[in-house]
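J.: First the structure, which I've put down as structure tokens, then a few questions once you've had a look.
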Amino acid sequence: MSILFFLCAALAFLLRFTVSPQIMNMVVDYTADGGSFYEKLHFGTYAIFLLLPFVLFSRPFLLQGDEIGIFKALLLYSALIFALVPYLFVTGRAGSSGFIIDTYLVAGAAGLLMLALNAEVRRALGDVVLGMVILSAVMGTIEAVTQHRFLPYGLNELQFRPIGLSAHPLALGALCATVIGFVPLTRWRIWVRVLAIFVLLVGCAASGARAALLLAAGETLILLMFVPWPRLTLKHQRQAKSVVLLFALAAGAVLVAILFSGGLLNRFGNTIFDENFMARVTIYQVFGLVSWKDILFGMNVDDLLAIVNEKLHLPYIESAPVVIIMLFGLPIAVLFIMLVFWFIFRLLRAAPLPAWIGTMTFLLAALSNNALSSKSPEIAIIVVLLLAYRNAPYRNRPKSTSSAAAASEPKPDRLG
């Protein structure tokens with residue numbers, strides 16, 4: 001049964017995480033205008049929602065230690081996020097409910113699905129997700145070199161940027177930077193982990209996501225300097241880290257030269273404060289172009305985009321705070337943001353240091369893209385990784401069980 005659930009969960013996650021909106025639009029009106037409501041939800045979202053009750057109710061499952069509190073937090077988070085859907089329908093913004101379900105509610109469902117599986121299966125699913133992002137980084141690097149994308153991409157850009165398995169170049173860069181923090185938590189051989197981080201750094205550079213690349217470089221150095229090294233005393237750790245740091249800086253300088261010569265760092269040739277940067281600053285002028293009622297109670301996103309196009313001459317809204325505030329209205333937007341951050345930091349409680357570093361990298365990178373304000377899988381990916389690589393189960397505390405099918409204490413499943 002564990003193998004079956006593992007395969008089904010892996011398929012559902014990969015379906016949600018790798019099938020881009022561009023591919024979805026080839027089948028249904030996923031992000032295009034028109035179409036029925038059921039077309040606005042991702043196939044992977046349906047797969048996760050359909051799989052969840054089978055995993056929860058088909059057999060007993062074991063929760064221990066802090067997992068009970070996390071399970072309750074997931075239920076509360078999911079219930080409150082779901083309550084926003086009828087609110088958007090009542091206020092005439094039903095079209096935006098798909099973004100709430102596809103980005104935030106599915107993250108709660110993915111978390112419940114992970115907790116209903118044993119720790120071994122969770123870790124295996126985390127490895128699958130990491131492998132997916134590493135493959136995406138490899139694909140993105142090949143795309144940058146060949147100037148040809150493997151998957152469809154509908155946007156016309158002045159400069160070619162790869163996407164790998166992501167929906168957008170910035171999403172590729174942000175994901176590569178984010179999962180670097182989770183690679184040290186795997187049980188892979190040390191040379192495999194080092195190679196994986198190297199591939200992710202190159203993929204991040206190839207994506208053209210400058211903010212993500214700077215974060216990834218800083219993240220790698222922080223991991224090197226502050227994550228404890230097992231089986232070494234503090235004195236020997238400092239000595240070993242100093243030597244490795246010198247080699248890393250030298251190798252980094254060589255890598256930067258190679259990437260520049262290969263054209264993968266062309267976007268760093270100009271100042272960071274370019275047109276794209278200014279667009280993310282200019283967008284906040286929209287608050288002066290709408291009424292105070294729109295700010296307090298929200299407005300239709302299509303109307304907001306029309307104002308941005310006509311008055312600010314920007315093609316898109318690349319700002320999560322602007323979208324969330326203008327969609328919900330300021331009071332509800334503040335509560336929504338507090339809920340999301342509470343949920344993420346609840347998952348981070350007692351998490352290992354690399355998980356904190358990876359998650360902080362994601363949150364900072366998300367400020368430079370639309371991961372928090374569009375139909376994107378990044379929140380769900382973070383939830384899966386945080387639950388996959390949590391600390392080892394508590395061994396010296398009383399065990400508690402949570403079962404949807406039986407009241408008796410079950411035996412934990414085993415993968416295989």
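Including glycine, each Cβ sits where the backbone N, Cα and C put it.
Automated prediction, rather than curation, is the source of TrEMBL annotations.
For reference, TrEMBL lists these features for the protein:
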REGION    396-416  region 'Disordered'
TRANSMEM  45-62  transmembrane segment
TRANSMEM  74-90  transmembrane segment
TRANSMEM  96-117  transmembrane segment
TRANSMEM  124-142  transmembrane segment
TRANSMEM  162-183  transmembrane segment
TRANSMEM  190-208  transmembrane segment
TRANSMEM  214-232  transmembrane segment
TRANSMEM  244-265  transmembrane segment
TRANSMEM  322-344  transmembrane segment
J.: Near the transmembrane segment (96-117), which residues from the same chain, at least 6 beyond its ends, have a CB less than 8 A from one of its CBs?
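T.: Same-chain contacts beyond the ends: 2, 5-6, 9, 12-13, 16, 37, 40-42, 44-45, 48-49, 51-52, 55-56, 61, 63, 67, 70-71, 74-75, 77-78, 81-82, 84-85, 88-89, 125, 300-301, 327, 340, 343, 347, 372-377, 379-380, 382-384, 387-388, 413.
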J.: Any contact between the transmembrane segment (74-90) and the transmembrane segment (162-183)? By contact I mean 3+ C-beta pairs closer than 8 Å, pairs at least 6 apart along the chain.
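T.: Taking Cβ pairs at least 6 residues apart, the transmembrane segment (162-183) and the transmembrane segment (74-90) are not in contact, as fewer than 3 fall under 8 Å.
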J.: Determine which recorded stretch among 45-62, 124-142, 162-183, 190-208 has the most C-beta pairs below 8 angstroms with the transmembrane segment (214-232).
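T.: The stretch I would name here is 162-183.
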J.: If contact means at least 3 Cβ pairs within less than 8 Å, sequence distance 6 or more, would you call the transmembrane segment (190-208) and the transmembrane segment (45-62) in contact?
T.: no
J.: Would you kindly check 45-62, 124-142, 322-344 and say which stretch has the most C-beta pairs under 8 angstroms to the transmembrane segment (162-183)?
T.: 124-142
